[in-house]
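Accompanying notes for the structure given below.
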Amino acid sequence: MRHIGVFVGVLALALVLLVVEARSDAERGVCACPRIYMPVCGSNLKTYNNDCLLRCEINSDLGRANNLRKIADQACDNLTDNVNDFIPQEY
């Protein structure tokens, strides 16, 4: 019976470490995204290959610090000349 308690304790510790590691990967901008090219434009005027990669960057420390957002469901190069219309303004 004691072995089962030790096993459960080790399993619980491993699960906690796995969750903490996964969270820190997302905060560093490391995400498992599909390799599908459906470009989107971020408020930093950078084109991301797909929405998942942009969301990953948005959830990173740098993305949160810069208030990164999606401004268009297309490549930034394809936006009209008046890009400021797409960027959300803070009031």
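Yeah, the Cβs are placed from backbone N, Cα and C, and that goes for glycine too.
What you are looking at is a predicted structure, and each value in this text was computed from that prediction instead of being measured.
Pulled from Swiss-Prot, these are the features on record:
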- CYS31-CYS56: disulfide bond (DISULFID)
- CYS33-CYS52: disulfide bond (DISULFID)
- CYS41-CYS76: disulfide bond (DISULFID)
- 25-78: domain 'Kazal-like' (DOMAIN)
- ASN78: N-linked glycosylation site (CARBOHYD)
- 1-22: signal peptide (SIGNAL)
> How big is the gap, in Å, between the Cα of CYS56 (disulfide bond) and that of CYS41 (disulfide bond), rounded to a whole number?
Replying inline: 13
> Within the domain 'Kazal-like' (25-78), how many residues are helix, strand or coil going by DSSP?
Replying inline: 19 helix, 8 strand, 27 coil
>> Using a 10 Å radius around its CB, how many other CB atoms surround CYS76 (disulfide bond)?
In response: 19
>> Mean pLDDT across the domain 'Kazal-like' (25-78), rounded to an integer, is what?
In response: 92
>> To the nearest Å, how far is the Cα of CYS76 (disulfide bond) from the Cα of CYS52 (disulfide bond)?
In response: 16
> So of all those recorded positions, CYS31, CYS41, ASN78, which one's Cα sits nearest to CYS52 (disulfide bond)?
Replying inline: CYS31
> Between CYS33 (disulfide bond) and ASN78 (N-linked glycosylation site), what C-alpha distance do you get in Å?
Replying inline: 23
> How far is it from CYS31 (disulfide bond) to the residue listed as 'N-linked glycosylation site', counting Cα to Cα, in Å?
Replying inline: 26
> What is the one among the disulfide-bonded residues CYS52, CYS56 whose Cβ has the most other Cβ atoms less than or equal to 10 Å away?
Replying inline: CYS56
>> Measuring Cα to Cα, how far is CYS41 (disulfide bond) from ASN78 (N-linked glycosylation site) in Å?
In response: 9
> Near the Cβ of CYS33 (disulfide bond), how many other Cβ atoms are there if near means within 10 Å?
Replying inline: 14
